[in-house]
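S.K.: Quick one: the structure is below, and I'll ask about it shortly.
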Amino acid sequence: METFSNLIDLDSYSPDEWNMIVELAQQIQKNPALYRSRCSGKIMGTLFYEPSTRTQMSFQTAMLRLGGTIIGFDNPSTSSVSKGENIKDTTKIVSSYADILVMRNPYEGSAKAAALTADCPVINAGDGGHLHPTQTLTDMLTLKNEKGRLDHLKIGLCGDLRYGRTVHSQLKALSRYEGNEFILISTPELALPSYIKDVLNARGCTYKEIYSLDEAITGESLDMLYMTRIQKERFSSEEEYNRQKDVFRLDTEKMKKAPKDMIVMHPLPRVDEIAMDVDDDPRAMYFTQAKNGMFVRMALIISVLEGRLGAPKLLTGTIKNDVECTNPKCITKTEHYLPHSFKVQGDICECEYCDERILLD
Amino acid sequence: METFSNLIDLDSYSPDEWNMIVELAQQIQKNPALYRSRCSGKIMGTLFYEPSTRTQMSFQTAMLRLGGTIIGFDNPSTSSVSKGENIKDTTKIVSSYADILVMRNPYEGSAKAAALTADCPVINAGDGGHLHPTQTLTDMLTLKNEKGRLDHLKIGLCGDLRYGRTVHSQLKALSRYEGNEFILISTPELALPSYIKDVLNARGCTYKEIYSLDEAITGESLDMLYMTRIQKERFSSEEEYNRQKDVFRLDTEKMKKAPKDMIVMHPLPRVDEIAMDVDDDPRAMYFTQAKNGMFVRMALIISVLEGRLGAPKLLTGTIKNDVECTNPKCITKTEHYLPHSFKVQGDICECEYCDERILLD
Amino acid sequence: METFSNLIDLDSYSPDEWNMIVELAQQIQKNPALYRSRCSGKIMGTLFYEPSTRTQMSFQTAMLRLGGTIIGFDNPSTSSVSKGENIKDTTKIVSSYADILVMRNPYEGSAKAAALTADCPVINAGDGGHLHPTQTLTDMLTLKNEKGRLDHLKIGLCGDLRYGRTVHSQLKALSRYEGNEFILISTPELALPSYIKDVLNARGCTYKEIYSLDEAITGESLDMLYMTRIQKERFSSEEEYNRQKDVFRLDTEKMKKAPKDMIVMHPLPRVDEIAMDVDDDPRAMYFTQAKNGMFVRMALIISVLEGRLGAPKLLTGTIKNDVECTNPKCITKTEHYLPHSFKVQGDICECEYCDERILLD
């Protein structure tokens with residue numbers, strides 16, 4: 001098995017390598033014409049097992065602006081994939097057509113599973129609620145462009161901190177930079193899970209939990225406020241949702257009280273957690289951020305296709321085929337041929353696909 | 001807000017500008033190789049909120065034959081758009097990826113709404129039953145190619161003249177050229193609405209209503225016959241439909257009686273309003289017309305991307321957010337952030353999105 | 001009607017012409033860079049009336065790797081095609097945009113029907129259970145690459161030989177080469193139909209029917225084993241399926257007993273007729289075969305676009321519009337304008353679309 005410069009999990013690379021991608025994105029942004037034939041003759045295969053128009057278009061545009069071309073699917077119900085083909089076979093075949101694969105799949109660990117069998121590098125464009133590394137790189141480029149740095153920032157994160165994949169990834173990434181401080185703004189029910197807090201603690205990061213956006217905005221001198229959606233279904237009842245939603249909604253009233261240089265970011269799509277008239281505020285950076293996603297993906301495609309990121313091994317743990325991952329959304333639940341690989345520490349096995357921790361009896 | 005050379009409504013431009021597009025289309029048609037890299041490096045975003053394979057492929061081919069590339073969606077049910085994102089956010093993001101947007105949407109005024117927020121020019125590829133300007137340009141190119149002129153023509157229009165968007169657009173356009181005469185062929189129930197007759201009258205155009213295709217073909221010396229579909233549902237009953245449909249159906253019998261130089265056009269798709277053996281008649285121009293659509297769209301893309309059309313303001317009327325448009329298919333019904341903009345004349349407000357006239361009490 | 005180098009049915013061409021395509025594919029495979037601009041400026045239209053992601057991506061990749069571009073649809077439910085447009089109109093229009101059409105359609109004879117009206121060459125990418133010529137060319141390239149020849153081979157075909165389109169096509173093709181011998185491995189219910197046996201007999205081919213894969217593998221010195229899926233529904237009952245399926249399932253146990261140089265092929269997708277651990281056997285050629293499909297399609301696109309295959313007439317028989325083809329899946333059942341064309345021999349009419357034989361009373 002050949003190994004490629006896949007991007008499955010940002011954690012496989014060092015902050016130096018993240019910085020390299022972000023800096024290349026900045027160069028591309030400054031002079032895109034220099035890169036317009038960089039991937040000429042190369043084909044990207046976009047395997048979208050669930051719809052994500054924005055992410056897919058961002059990747060497609062990135063490839064086209066590098067002179068490459070695209071094949072792929074975005075609707076498994078109209079593809080042979082729905083005839084029950086396993087990821088290995090699909091990946092084997094499409095990677096024999098394409099030079100780079102971009103995969104979106106609702107199962108956690110699916111991108112790693114794809115990378116195990118693909119004959120070309122794989123980029124993870126979201127594997128369920130697990131990882132979405134190119135969103136995190138997009139956030140980092142936006143911070144770097146707007147704030148000039150990725151360290152010594154005071155960052156507010158507002159919304160569903162419990163289930164929010166982008167929030168978790170960003171915290172894991174930004175906690176690797178010195179001096180960052182996090183203000184966690186959510187309901188108690190949607191507070192950050194303890195395993196992410198463990199990461200912050202282990203890295204000596206300061207964080208504070210606050211239950212009102214207003215308080216965070218007025219009381220803390222935030223450099224950046226990261227808004228995310230709170231899905232209605234996360235609340236115990238419709239009434240509870242209606243009672244709470246405004247507390248975590250950003251509007252022009254709140255923006256008036258916010259620091260003059262506090263930029264606002266959002267991974268989009270938004271529903272109504274940011275009022276539309278905030279869009280006209282020069283501190284609103286979410287559309288800029290979306291555009292940055294294209295530049296970061298251009299930088300990433302170049303880095304991956306040119307092998308600039310090294311080729312970290314995909315599975316480094318212990319194969320224990322008798323142990324089953326307990327996460328029902330883990331890719332090992334549907335792709336039965338995958339080796340059950342775990343990082344073992346004492347009687348805890350951490351699944352190498354979805355990062356679930358399993359306590360052995 | 002920057003303004004671009006959008007094409008939302010032909011009426012925003014003068015016949016001189018229409019002619020310029022048609023003439024450029026003729027030049028492209030004569031020597032397509034000259035234009036094959038004209039839009040190299042440019043990306044078109046096709047936002048199709050409802051399926052229209054033919055229109056979409058025509059635009060895509062046009063862009064590809066100019067050396068450009070394409071992103072987009074054609075199936076909102078497999079796109080994030082179905083998660084309820086508003087047009088503003090979608091447009092903002094896709095226009096940050098693409099250089100030109102082409103939009104199809106069932107709501108009237110939707111393309112104008114998109115142009116208000118897009119960061120690149122927008123072409124209207126059909127906004128519900130409202131406008132479809134590139135179809136009209138296609139018709140004009142076909143007339144120009146086949147008849148050598150756009151004026152002093154006797155034109156028969158047959159079918160559903162009441163609801164037929166293409167018919168209305170064509171009448172509004174061709175009535176701007178001198179000496180054109182119109183024969184309106186339909187059932188009384190599907191006759192041309194009076195507000196279009198008002199336009200014809202205002203411009204001093206001659207027109208006549210006839211209730212039988214046969215009579216129009218034999219009695220008038222038509223230069224062109226424009227056939228359109230009558231949808232079954234437009235008739236009061238299945239029996240009524242069956243009784244009437246042949247009256248408005250073109251077949252080889254009727255073609256035998258038609259003028260030797262009467263070309264036949266149809267926006268396609270047809271159902272059975274033109275018998276298939278008419279296809280072999282050299283006067284049948286509907287497939288040629290479909291191909292012309294590609295050349296006109298090439299000319300339009302060049303004109304829009306190169307800013308040749310000027311940049312007319314999108315909203316020129318008065319904002320009255322307390323007045324609601326009464327058209328249930330108006331885009332303001334779903335996109336609540338849009339300013340309610342009207343052209344006000346006395347106590348009549350004409351909606352600047354869908355052209356509905358509202359009588360103020 | 002102009003005639004093009006269509007590829008509807010391999011039988012329209014001679015083995016010399018098949019060899020030419022296969023040899024061109026080998027040259028492309030050896031030096032793909034030489035061909036990367038060969039179809040620059042050309043557009044392929046992919047008309048997929050039913051999903052077949054793999055075939056479609058294979059064609060798309062082939063065109064992209066020749067420098068061409070792509071338009072098309074893959075989901076008739078989101079295309080105007082679902083509004084009931086006939087194949088003639090769709091084909092007329094798309095062939096006025098594109099330079100070459102690739103068509104997949106569940107009706108038998110549909111690709112020929114399309115070629116009758118298209119204004120550019122048409123490639124059949126599968127017309128129901130009838131023909132799939134590019135799969136057969138793919139198989140031939142794989143045999144040529146791996147075995148060095150297409151003649152004097154001993155070939156096992158396992159699975160559903162009764163309904164398997166790829167098996168029938170391959171037998172019809174390989175029986176044209178000298179000295180090939182076929183071992184037919186299936187249940188009696190799914191045995192090869194007699195009209196294919198007639199072809200083999202007429203060409204003096206040796207064949208043998210065997211009811212167990214194990215026996216075929218151990219008893220015959222196969223050069224190649226062609227595995228295909230047996231659909232569950234083909235069995236009389238679930239029990240019968242479960243009882244029989246392992247008999248026709250290839251696993252590592254069986255591979256141990258197989259000849260050292262017996263390559264394994266499969267048109268894919270597989271379900272479980274080949275155990276996944278067979279993939280690691282160097283004799284497993286199905287993923288290589290899938291990749292070969294891309295090279296064969298590149299060769300075919302060049303041959304068709306450059307008119308290298310001559311232009312065989314599509315209909316050569318007798319028009320008998322009063323005779324109805326008895327095959328309910330024949331394209332003449334839905335496209336009523338098609339001339340009913342038959343090859344007549346005595347009182348037997350063979351439909352020129354779907355090859356059904358009709359006995360006249």
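Note that Cβ sites are derived from N, Cα and C of the backbone, with glycine treated the same way.
These numbers come from a predicted model, not from an experiment.
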S.K.: Among C:Arg104, C:Arg162, C:Arg234, C:Arg243, indicate the single residue that TrEMBL lists for the carbamoyl phosphate site containing C:Arg54, C:Thr55, C:His132, C:Gln135, C:Leu268, C:Pro269.
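M.R.: For carbamoyl phosphate, TrEMBL names C:Arg54, C:Thr55, C:His132, C:Gln135, C:Leu268, C:Pro269; of C:Arg104, C:Arg162, C:Arg234, C:Arg243, the listed one is C:Arg104.
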S.K.: Treating G and I as helix alongside H, and B as strand alongside E, what does DSSP give for the domain 'Aspartate carbamoyltransferase regulatory subunit C-terminal' (C:319-358) in helix, strand and coil?
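M.R.: Each residue of the domain 'Aspartate carbamoyltransferase regulatory subunit C-terminal' (C:319-358) counted once, the result is 3 helix, 13 strand, 24 coil.
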S.K.: At its widest, how many Å does the recorded carbamoyl phosphate site span between Cα atoms of C:Arg54, C:Thr55, C:Arg104, C:His132, C:Gln135, C:Leu268, C:Pro269?
M.R.: 17
S.K.: Name, in order along the sequence, the binding-site residues among C:Arg165, C:Leu268, C:Pro269 with a Cβ closer than 8 Å to any chain A Cβ.
M.R.: C:Leu268, C:Pro269
S.K.: At the level of the C-alpha atoms, what whole-angstrom distance separates C:His132 (carbamoyl phosphate binding site) and C:Arg229 (L-aspartate binding site)?
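M.R.: The separation of the Cα atoms works out to 16 Å.
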S.K.: If you measure C:Arg229 (L-aspartate binding site) to C:Leu268 (carbamoyl phosphate binding site) at Cα, how many Å is it?
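M.R.: Taking the Cα atoms only, C:Arg229 (L-aspartate binding site) lies 8 Å from C:Leu268 (carbamoyl phosphate binding site).
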S.K.: Can you give me the average pLDDT across the domain 'Aspartate carbamoyltransferase regulatory subunit C-terminal' (C:319-358), rounded to a whole number?
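M.R.: For the domain 'Aspartate carbamoyltransferase regulatory subunit C-terminal' (C:319-358), the model's average pLDDT rounds to 96.
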S.K.: Roughly how many Å lie between the Cα atoms of C:Arg104 (carbamoyl phosphate binding site) and C:Arg165 (L-aspartate binding site), rounded to a whole value?
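M.R.: With the alpha carbons as reference points, the distance is 14 Å.
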S.K.: Round to a whole number and give the Cα-to-Cα distance in Å for the pair C:Gln135 (carbamoyl phosphate binding site) and C:Arg165 (L-aspartate binding site).
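M.R.: C:Gln135 (carbamoyl phosphate binding site) to C:Arg165 (L-aspartate binding site), Cα-Cα distance: 10 Å.
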S.K.: Would you count the other CB atoms within 10 A of the CB of C:Arg229 (L-aspartate binding site), including those on all shown protein chains?
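M.R.: 20, counting other Cβ atoms within 10 Å of C:Arg229 (L-aspartate binding site).
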